[in-house]
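For reference, TrEMBL has these:
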type     : residues : note
COMPBIAS : 169-187  : compositional bias 'Basic and acidic residues'
DOMAIN   : 197-259  : domain 'T-SNARE coiled-coil homology'
REGION   : 160-188  : region 'Disordered'
TRANSMEM : 269-287  : transmembrane segment
Amino acid sequence: MKIDITKDFIRDASAHQTNKYQNQMKDDEISVAFNIFTNDIVLNIEKVFQTLKQNEEKYLTSSSFEKDALTEQEKDDLDKIVKESIVTLNGSVSSLNKNLKEQKGFLKSRTTNEYAHKEVVISCLSKRLKDLAQFFSKFQKYRLDQKEKLQKLLNQEQTKQKMFRMRPKREDLEKNSENNKENHGVSELEQDNQFLLSKYHDDEQKRQNILNNIQEIGAMLDNLSKEVEEQKETTQQILQNAEDTLKLSEQANVGLRKAVEYSKDVGKAWSILFFGLGVFLLFYDFIKS
């Protein structure tokens with residue numbers, strides 16, 4: 001069974017793509033492009049979620065008990081694809097966050113509120129991607145537990161083999177033919193033991209790979225958590241700055257209204273002055289004539 005969930009990914013929010021779309025858009029299309037781009041990332045995250053949920057029962061069921069369960073190779077393929085998808089999506093979200101801070105492409109904001117809105121959207125994307133990584137860790141932990149159980153069983157089998165080889169011989173009670181049969185049986189057991197050891201080493205390597213995947217996913221979760229916290233702090237600061245700007249604007253409006261009223265009063269005073277001066281000049285001309 002071949003599982004491919006990346007072939008239908010719509011876009012990658014890299015700096016190259018961001019600049020490419022920016023060159024094709026007008027200023028009034030920037031906000032629309034941002035909404036389309038982030039919506040694509042949401043759809044891609046949900047697509048990976050859906051793939052994991054569809055294969056969850058088959059993944060968490062041993063192929064020894066259910067014929068429909070995924071084989072170890074199929075689980076390896078699914079792990080690889082999901083891991084690559086999470087890394088790709090994480091790069092997309094990180095690129096959006098970086099371009100927003102640097103005000104590049106369609107992440108450029110014309111107002112403080114627009115910047116805060118984009119900051120919140122990217123924070124939600126990071127949170128959803130973190131949920132996906134945690135859900136995938138459940139699958140990885142299951143495989144790791146299974147490998148550890150298998151290792152215990154193999155250790156028990158090896159102990160039994162050693163005990164069998166150390167069992168005292170009873171040559172005085174056995175015939176030559178029986179000795180030959182026993183030697184033949186021991187040879188077969190040794191071959192089986194070698195096979196189990198070889199399988200154990202292979203499984204141990206797979207277990208180590210799974211453990212490495214879990215560690216990488218854990219590191220990615222830590223980075224996402226830090227980014228979410230940083231985005232929260234930045235958003236709060238932006239909102240605080242917006243409130244301060246609003247207060248300053250209100251104060252400026254009050255001052256402007258006072259200035260207008262003062263201008264009206266000054267205009268009235270000058271009007272009265274010029275009117276009085278005109279009357280005086282008329283009276284002066286009348287007397288002089």
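Numbers here mean position along the shown chain, with the first residue as 1.
Every residue, even glycine, has its Cβ placed from backbone N, Cα and C.
Note that TrEMBL annotation is computational and uncurated.
Mean pLDDT for the domain 'T-SNARE coiled-coil homology' (197-259) in the predicted structure: 73. Each residue of the domain 'T-SNARE coiled-coil homology' (197-259) gets a DSSP state, and the totals for helix, strand and coil are 63 helix, 0 strand, 0 coil.
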